[in-house]
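Over in Swiss-Prot, the protein carries these features:
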type	residues	note
SIGNAL	1-18	signal peptide
DOMAIN	25-253	domain 'Peptidase S1'
DISULFID	31-167	disulfide bond
DISULFID	50-66	disulfide bond
ACT_SITE	65	active site, charge relay system
DISULFID	102-260	disulfide bond
ACT_SITE	114	active site, charge relay system
CARBOHYD	125	N-linked glycosylation site
DISULFID	146-214	disulfide bond
CARBOHYD	158	N-linked glycosylation site
DISULFID	178-193	disulfide bond
DISULFID	204-229	disulfide bond
ACT_SITE	208	active site, charge relay system
């Protein structure tokens, strides 16, 4: 019954969530059905939609600003219509049993420490279209080509929604490139700067919480951006997962009092 309600709401969200969500993939193409096995669809029952990343059978990584109500996690999703009609047999749905946000996060700043761990109510089964993604062993270097993916808008500011996840390749830049485009960013930050300087490709409304993948590891989390997506000379900041690996591993190990780096 819960899944039926979720799928019905997803139909409504296809028409309405652009006004309520935060980031999507612009300038990409439909992802290959086999390349997004770790991509989670994070549905918040208040009507907000995010992406997420499966990092082991029981845990999903997403953005802290996606914490806007009770959460359902769908894995193995490709074409939303197939899920809604029951054609897709590889989809698994889980309830968020626990949610963990950095206890030292600034409560009045959604951009601060924008990372959240979701523990699902039961482990997922690894399958053809569901598998976890590795945490980073090292941070990505400037110039790296990385992959973003999600169900977010594919045009901006006039929103077009795809119904399938879209993927795009973007580049890692020095953090100062993002600071030049967004002076409100702090002098130092635990974020990655990524995008295309010419514009035309990037995350946008609806992709929040989704992954920035470099060399088969989750290196970033879609966090926030401008009013119009994928603008020239305006790469976007992504939460830098490498800086939070110790916190992530501590929480998963049962140390729920662990704090994030300042």
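Using the three backbone atoms N, Cα and C, a Cβ is placed for every residue, glycine included.
In sequence order, 63, 64, 65, 221, 223, 224, 239 constitute the residues six or more apart from residue 114 (active site, charge relay system) in its chain with CB-CB distances below 8 Å. Sorted by the number of other CB atoms within 10 A, the recorded positions 125, 208 start with 125, the lowest. Residue 193 (disulfide bond) carries a strand DSSP state (E or B). Put plainly, the disulfide-bonded residues 31, 50, 193 were compared by Cβ crowding within 10 Å, and the winner is 50. In the three-state DSSP assignment, the secondary structure recorded for residue 214 (disulfide bond) is strand.
Across the structure, residue 31 (disulfide bond) and residue 125 (N-linked glycosylation site) place their CA atoms 22 angstrom apart. Least packed by the Cβ count within 10 Å, out of the disulfide-bonded residues 102, 146, 167, 178, 229, is 167.
Residue 66 (disulfide bond) and residue 208 (active site, charge relay system) have their C-alpha atoms 7 Å apart, to the nearest angstrom.
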